[in-house]
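First up is the structure itself, then whatever we jot down about it.
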Amino acid sequence: MFSTEQSCWFVRKVICWRAAASIAWAVLLLPPTTAVFVILSKFSLLHPIQTISECLSLLTSASTIFSFILLCGVILIIGFLNLEYYTVIPTIACSKIALLGQLLHPRQFVNSLVHCIMGMVVAWCCALTIGFRYETLGYQCTHPSDGHPQMCLNEYHLVFLLAGAFVGFSHSLLGVIHNMNYVSFQTVQQYKYLRFKGSLPLVVKCSAIQALYSVRNYIVVYFFLGYIPRAWICKTLNLHLNSSVHALDSITGLLDLSLLYHLWISATFLLFTWYMTLLLFRIFVTEVYSFPVQSSFTEDAHQCLPKVVTDKQPMILKFLALQDLALLSQHSPSRRSEVFSLSQPGGHPHNWNAISKECMSLLADLTQRLVAYHDTVATNGRAKSLSSGSERTSSETSVTSGTEDLMSPRPTLLMKTPASVFARSVIGGPQSPLTAPFTPDLDSPFASPALRRLTAPVEQCSPWHGTVQSPHIMRRVPKLWSTSTDSQVNGSPPPSPASVPSPKQEPSKPSFLTQFLQNKKEQVKNFLAKRVLIMYLFNKLPEASSQALFADSQAHIWALEGLSYLVQASFTEDQFGVVQTTLPRILNSMLVLQDAVDRHFKLPHASSKPIRSTSSITDSTYKTLRFALRATLKTAIYRITTTFGDHLNAVQIAAEHRKRLQQFLEYKE
C-alpha cells in the first residue's frame, strides 16, 4: 500500500507546474493585450498620429505600469481559481432546482465574490488607462447656491467600477451554468502552440459577444437600480451630486455612445484576459503524459501505468493514464511488449492483468448504471417488487461465470458520476435482488413515501453503493423458497410455507402525532404538486439525466480503445498468450455493454442524434459523450472480430452473445 505522499506526486510534480506555466504565459501575453486595449480606447480616425503618440506615452507612464502590476495579480488569482475549481467530470444538473442549488452553494458564493472583486479591479485599471472623465471617483465642483468648492461624485467612474463587478459576477454564474470549469481532452493531439493559435480567434469573438450582452444587461439593471449604489457612495464618502450634470440612470445619460463603447471595450478586455488564462490552463493540463509501463525500482512502482490506472484520486491522473493507455496501444509497439511481458521471477502477466482488470471493471460499472437506469425508466420510477425481480426466467440470464466475477462489486471507488443522477438500494443482505436501481425523481418532494423508504439507507448521490444485479448482467441468486426444479436438483422435497409456523406480529400502530404530521406532509405535497412553478423547478430533465449518466464516459472510451487495440496487437505480438486467457471476459463485457447502450438509445427521451457544436469558449463535448461511446464500442468490437475472424468461434461465451458476435463477424451490425 502506497502512502498519501506517493499518491499525490502527480499533483505536486506535474499539475501544479503545468498550471504555473499556463499562468506565466498568460502574464507574458498581457502586455500586447493591454497595448491593443489602449489603442482601441484612444484611437481616433481624425487624429491617427496624435493617437499613436498618446498611446506610446500612456504605455510608459507610471499609472499604466501600476495598472499592469494589478492586472498581473488578477491573472494570478484567476489562474489559481482555475486550478482550484477545474474538473474532468462535469456536474450536470438534472432539474432546475438542482441548478439553483449549485448557484447558491457557499463554495460558488465565494467564487462569485472573488470574481466581482477582480472585475472591479480590472475596471478600475481600465478607467485609469482610458483617463479623461473616467479617471477619478470624485472631482472639484462649486456649490450651486454659495459657489464654495466641494467634492462631487464622478458617476462615470462609478459606472465603470460597477460594470466590472457585474461582468465578473455574470462570468461566474455562466461558468456554473455552462460548466466552464470542465476540462475536456482533445481527440486529435496537437502541439500547444497550434491549439492556442487555432482557439485565439474564437476567444476574441466570444469575449466581444459576451461583453456586448453583459453591457446590455448592466445598462438595464443600472437604469432601474443605479440610484442605490450612487446614494450609498455619496453618503459613505461624503460626496455631492452635481445638479448640472445628467444622472446616468436616465435614458439621456445612458445613451452616451462614447460611454457605451468604452464599457464594451473594457468588458471585452476583461473577459479576453480571463478566457485566455482558462484556455492556456486547459491546453497545459490536458497535455499527454507518458507513464512508464514498468520500473526496475520498487520506489517508482506507484508512477507506473498499471498502478496509476487503478488510482482513484486525483481524477485527472486516472484520465491521463487511460489516455496514455489508448495512445500506447495504437502507436507504441515497444511499450505494448512491456504490457504483454511476464514478471521475473514467477512468469506472471501482472501488467496485463492490472490494466485489463481495471478497464473491464470500468465497462462493468457503466453497464450496471445503464441497466439500472433502463429498469427504473421502464417502470416509471417505481421500485420493482422482490418477487417479480427474482422470478425471471433463465433465458434472461446469459452471462458466463467469468463475467459474473467481472461484474462483482469492487471495494474501490472508481468514476464519480454527477450527484443528482443515481440512487441505489441496499435493502436486505448481499443476496437481495435489485429493488430501486435508478430513481430520477428521488430528490423530488413529490416522490412516493414507499420509494423514499426503499432508498432511505443509501448514501445520497453516490452511484457506487450497493450491487446492481440485473438479469442482463448476472444470474439471480436463488430465493429462500426454491421452486420444484431446484428442489429436485437438491434431492429434497420442497418445504411447504404453510407448514412452517410463523409467529404473528402485531403491526405497531403509529401515534396520533405521527399520523397528524404524515397527513399534513401529504397535504403540503399535494398542494405544491398543483403549482406550475414548483413542478417546473423540481421536474427532472430527461436529456440532462442521460447526459449525466455518461458524464465520465471519456474514461470508458479510452478503456475500450486500449483494450481493443491491445487485443488486436496480441494476435501477432503476444508471444506468451497472456491476452487470450482474458479474451472471453473482454468480449462478454463489451457485448453486455453493447446491449445496454442499445437499450438506452431506444428509450423515448434519449436523443438519437448528437447536438450541433456551437462556436463558444464553453466546452460542451460532455453532451455528445454518449454518442462517442456508442461509436467507439461498436468500433472496438469490429476491431477484434476483423482481427481474429473465425477463431472467435472457439471462444467460450454465452449463447445469446454468440449470436450477437456472429452479427459482427458477418458485418451486419
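Cβ atoms are placed via backbone N, Cα and C, with glycine included.
Positions annotated as compositional bias 'Low complexity' by TrEMBL: 385-404.
TrEMBL lists 481-491 with the feature compositional bias 'Polar residues'.
Per TrEMBL, region 'Disordered' is recorded for 382-410 (among others).
Under the heading region 'Disordered', TrEMBL lists 481-510 (among others).
The annotation transmembrane segment is assigned in TrEMBL to 20-43 (among others).
Sequence-distant contacts of the transmembrane segment (55-79), counting only residues of its own chain at least 6 positions beyond either end whose CB sits under 8 Å from a CB of the stretch, comprise 19, 22-23, 26-27, 30-31, 34-35, 38-39, 42, 114, 118, 121-122, 124-125, 128-129, 131, 273-274, 277-278, 281. Per TrEMBL, the feature transmembrane segment maps to 55-79 (among others).
Taken from TrEMBL, the feature transmembrane segment covers 116-136 (among others).
According to TrEMBL, the feature transmembrane segment maps to 156-177 (among others).
Sequence-distant contacts of the transmembrane segment (219-241) (same chain, at least 6 residues past either end, Cβ-Cβ under 8 Å): 137-138, 141, 143, 150-153, 155, 158-159, 162, 166, 247-251, 254, 260. Annotation comment: TrEMBL describes 219-241 (among others) as transmembrane segment.
Under the heading transmembrane segment, TrEMBL lists 261-285 (among others).
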Outside the transmembrane segment (261-285), six or more residues from its ends: residues with CB under 8 Å to it: 15, 18-19, 21-23, 25-26, 29-30, 33-34, 37, 40-41, 71, 74-75, 78-79, 82-83, 86, 119, 122-123, 126-127, 130, 134, 159-160, 163-164, 167-168, 171, 180, 183-184, 192, 195-196, 199, 203-204, 206-208, 210-212, 214-215, 218, 316, 617, 619
